[in-house]
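Database features, via TrEMBL:
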type	residues	note
ACT_SITE	354	active site, nucleophile
BINDING	256, 301	S-adenosyl-L-methionine binding site
DOMAIN	142-403	domain 'SAM-dependent MTase RsmB/NOP-type'
Ligand SMILES: C[S@@+](CC[C@H](N)C(=O)[O-])C[C@H]1O[C@@H](n2cnc3c(N)ncnc32)[C@H](O)[C@@H]1O
């Protein structure tokens with residue numbers, strides 16, 4: 001691989017913004033990629049993937065390069081040179097790489113790789129929390145899996161197509177996919193590509209949605225004609241899946257505290273041809289109270305630490321704080337208490353997170369079941385999806401039924 005100066009410089013600029021200004025990696029990369037219209041798809045993927053890689057391995061690379069935050073440009077070039085040396089990429093003859101100690105870099109890598117928090121590049125507190133909740137053995141495997149680059153999985157929109165038809169259409173647009181066994185609507189891209197540019201995407205034939213995430217709507221046992229409330233709908237990844245499973249029949253009420261996310265949901269629903277979704281922003285408790293005892297099905301796709309999706313969002317390793325996890329657990333239990341009241345007798349509720357921590361998952365459900373409101377429910381089944389076992393995001397889901 002030959003390194004191009006303007007691509008390397010754009011990567012260094014992006015890293016400076018992410019590490020030193022605390023901006024979100026996905027937003028910074030999106031902005032960086034708009035900088036030069038002449039960049040082709042290879043150039044763009046070099047910037048995006050290298051930036052994500054160095055974000056993912058920040059702690060390890062900083063230790064090897066012997067640099068500390070806040071990083072100067074010189075420090076960032078040193079971290080970049082670690083990335084190159086460890087990947088066997090020949091360093092160009094630029095002044096920024098003068099005197100790079102290649103043998104020392106490899107030696108320090110071997111030495112640091114003996115310690116999990118360096119090898120897997122996580123903050124001390126997170127390494128301790130993961131090990132205490134999951135046990136050393138599971139956490140070691142899981143953390144390793146969460147450091148792999150996530151595959152791109154899409155969900156065929158059954159309102160408009162089938163996975164087989166979609167695979168053919170994408171093939172004509174130059175994108176090869178494979179079926180995923182046991183995931184009825186999913187296709188996985190054989191190679192990364194900008195699929196948002198395809199006609200198939202613009203026509204609403206699919207959504208990008210991880211395979212584990214596709215398990216959640218399935219878990220809720222929806223049927224056409226039901227009244228379903230998606231209480232933490234966000235931009236609607238799971239709402240759209242619910243609409244497809246309900247064949248556009250019945251009613252889905254999509255709630256969120258952020259109106260702008262619901263606006264995006266509406267845009268996506270239009271593209272997907274999903275007509276049975278009604279969005280409502282939670283501006284007061286009235287919105288919730290009006291729905292008490294009215295829903296056949298309720299989905300709580302709760303806000304969480306996001307530790308199950310680190311492979312697509314490595315930035316979270318550095319942005320997460322122990323206090324945030326503490327607070328989010330309180331929000332989760334509050335949401336369970338309040339939103340479960342929307343389920344009518346005999347109706348069902350799914351509580352789901354993209355976390356792998358028992359304290360956000362099964363322990364929350366057990367806590368809820370022991371409460372006055374929770375006593376009205378019984379736990380029908382639950383599923384823990386680990387990235388190390390599934391190869392996709394880490395997720396948790398529990399199905400509860402109101403007696
Ligand atoms: C895991 S995300 C949802 C992702 C979405 N369901 C999807 O599939 O694309 C959690 C959502 O909960 C929302 N949220 C946070 N606190 C909330 C609350 N108290 N009530 C309702 N929604 C809330 C957040 O804005 C966020 O969109």
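Glycine residues also receive a Cβ, built from the backbone N, Cα and C atoms like all the rest.
Those TrEMBL annotations? Automatic predictions, nothing curated.
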- For residue 354 (active site, nucleophile), the nonlocal same-chain Cβ neighbours (under 8 Å, six or more residues apart) come out as 212, 213, 304, 306, 307, 308, 309, 393, 394, 395
- Item | Three-state secondary structure, which DSSP defines for residue 256 (S-adenosyl-L-methionine binding site) | strand
- Task: Give, as a single whole number between 0 and 100, the mean pLDDT over the domain 'SAM-dependent MTase RsmB/NOP-type' (142-403).
- Result: 97
